[in-house]
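What TrEMBL records for ASN96, HIS101, GLU106 is oxalate binding site. Among the features that TrEMBL reports, Mn(2+) binding site is placed at HIS99, HIS101, GLU106, HIS145. Residues or ranges marked as domain 'Cupin type-1' in TrEMBL: 51-198. Annotated signal peptide per TrEMBL: 1-26, in sequence order.
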Amino acid sequence: MASRTSTLRFFSLLISSFAIVQMAMAGDPDIISDFLLPANGTVDANFFTYTGFRVLIGGYPPSAFKVLKATLAEFPALNGQSVSYAVLEFPSGTTNPPHTHPRSAELLFLIDGTLEVGFIDTKNNLFTQTLQAGDLFVFPKGLVHFQYNADAQNPALAVSAFGSANAGTVSLPNTLFTTGIEDNVLAISFKTDVATIQKLKAGLASKP
């Protein structure tokens, strides 16, 4: 627990430096005011404060892969500011399945543990790396990428910064197998049979 607390303190120090980097990488439209007002038109310091990450302090690692987000949806003050965050918690042997972020690159900082990461470019080249605590890795905007904690004993903790208040996430397994695409289309595309596609769909549907 002491190790987890110390790494979370280190994570909090990194937040401020990441914010500076991400402002330089901003991908959202520029605004012509200091900030965008909420619907009621009034703000105080509470509007610019997000407390959703407090659950990390002194908490226990989850039993399954978990993402905590601070995006436009959770933190409305980010509207127009071209920055957002996600904290990624990986129990041993878990993965963040292949996905894309259509509106931003992702800059991942590994706080604790190890991660196998990778992305595929538009020429179908695969770039992979084994990250150690303290490493940074960038996933270019819009490209398919993944993270995997291959350590059978220890969890991993990472924070990702985005140059958009709403980077978006397109999960390949969910997009392909839970959105109603016809079984025959998928079977032909993956050069397999309908029965295999139905098994994949059933497996995803049974997960919480």
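Heads up, residue numbers simply count up from 1 along the chain you see.
Cβ from N, Cα, C; glycine included.
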Non-site residues, in chain order, whose CB comes within 8 A of the mean position of the CB atoms of HIS99, HIS101, GLU106, HIS145 at Mn(2+): THR100, PHE119, PHE139, LEU143, VAL144, ALA167, THR169
Rounded to the nearest Å - Cα separation of ASN96 (oxalate binding site) and HIS145 (Mn(2+) binding site): 9
Segment-level pLDDT (mean, integer) for the domain 'Cupin type-1' (51-198): 96
Distance [Cα-Cα, Å, rounded] between HIS145 (Mn(2+) binding site) and GLU106 (oxalate binding site): 10
Cα distance (Å, whole number) from GLU106 (oxalate binding site) to HIS99 (Mn(2+) binding site): 12
Cβ-Cβ neighbours of HIS101 (oxalate binding site) (radius 10 Å): 24
Spatial neighbours, same chain, of GLU106 (oxalate binding site) - Cβ under 8 Å, 6+ residues apart: VAL138, PHE139, HIS145, SER160, ALA161, PHE162, ALA167
